[in-house]
Structure formats: C-alpha cells, structure tokens
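Now, the feature entries from Swiss-Prot:
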type	residues	note
BINDING	Gly6, Pro7, Ser8, Gly9, Ala10, Gly11, Lys12, Asp13	ATP binding site
Amino acid sequence: MIVIVGPSGAGKDTLMDYAAAQLSGRPGFHFTRRVITRSCDAGGENHDAVSMHEFNQLEDAGAFAVSWQAHGLKYGIPAAVYRHLEAGDVVIANGSRSALPHFGTAFSRLKVVNIVARPDVLARRLEQRGRESRDDILRRLERSSLAVAGDFDVTTVDNSGAIEDAGKTIMQVLQQSAGSSQP
C-alpha cells in the first residue's frame with residue numbers, strides 16, 4: 001500500500017494523475033478513489049461524493065479500510081483495496097499526514113510518499129485557487145511543517161519544479177514497490 005500525502009498545493013493529485021497516465025494499461029497497479037463528504041463539483045481530486053449521513057452508514061458497515069476527518073469533511077479509503085493487495089497489486093491512495101496512524105494500523109506493508117514544494121511555490125499555487133489572501137497563505141505556511149511524523153517508510157518528493165522531475169521519482173517508488181509486492 002502506497003499512500004500519497006503532503007500539504008495543499010504540493011501537487012498530490014497532479015502527480016497521481018501523472019503516474020496513472022504513465023501506468024495506463026499496465027496490470028499490477030490500482031489507483032483507488034477516496035470517498036469524501038464533498039460535492040464532486042467542488043474541484044480538486046476525482047472522488048466518490050457522499051453525504052455525511054451516507055458516509056456514516058458506510059463507515060458503520062465496515063466499507064472503509066481507513067477513514068478520517070479533516071477540515072470539516074470525512075474521507076474514506078474503500079475496503080475493496082484489500083482485494084487488490086491480496087492479488088499482489090500495488091495500491092496507491094491519496095491520504096493525509098494526520099491519518100497515517102490509521103493507515104499504519106490498516107496495512108502491514110505501508111509506503112508513504114510525502115509530496116512537498118518550496119513555500120513560495122505552495123503559496124503561488126494556493127493563491128491561484130483564490131480561497132485565501134497571499135498574506136494568510138504565507139502565515140499559514142510559516143506555521144506548518146512539511147515533515148511526516150511517526151515511524152513510517154517515507155520517500156519525500158519535491159514537486160517545486162517540472163512535473164516530469166517529481167513524476168520520475170514517483171514512478172521509481174511505484175516500480176520498486178511492484179518489484180517487492182507479494183500476493
């Protein structure tokens with residue numbers, strides 16, 4: 001199981017889309033879609049949108065391998081990922097640094113890819129989204145850490161430059177994981 005984490009604006013979705021395009025048609029890799037209590041037209045990643053009530057029902061029914069709450073939303077990784085892992089596939093999921101303890105409990109073999117970018121790059125990308133002023137963004141970035149806390153197998157990828165540069169590193173991690181994956 002590979003979980004992709006990093007701050008807003010680091011380019012997690014862009015890099016996951018890049019890797020999915022590079023691996024299109026190749027067996028052994030599964031990019032899972034998160035279930036989120038956010039509208040599909042809210043922008044951002046391609047996800048399965050559900051209401052809070054629906055999410056709670058799914059969670060109570062054991063439909064998630066991992067679930068967590070952040071920023072007023074609930075997120076879930078479908079339990080169907082276990083079938084892919086049992087088949088020997090490399091499963092790639094968009095996660096959260098705050099949810100890594102849950103991922104660690106749910107998956108015995110876990111690789112974390114921490115996507116980071118320079119603060120000025122994060123600020124520019126976040127500013128382009130138009131949700132916060134540049135000053136608010138810079139203050140928030142000064143207070144935040146890009147590090148992953150905990151005892152995890154982490155590869156940090158700097159996505160401050162060209163997507164192809166960070167994409168090459170992501171592809172190496174995925175290829176190495178495929179080589180060591182066991183059914």
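Including glycine, each Cβ sits where the backbone N, Cα and C put it.
What you see is a predicted model, and the numbers here were worked out from it, not measured in a lab.
Within 8 Å of the Cβ centroid of the ATP site, not counting the listed residues Gly6, Pro7, Ser8, Gly9, Ala10, Gly11, Lys12, Asp13, the chain contributes Ile115, Ala117, Leu122, Arg125, Asn159. Under the three-state DSSP scheme, Lys12 (ATP binding site) falls in the helix class. Under the three-state DSSP scheme, Pro7 (ATP binding site) falls in the coil class.
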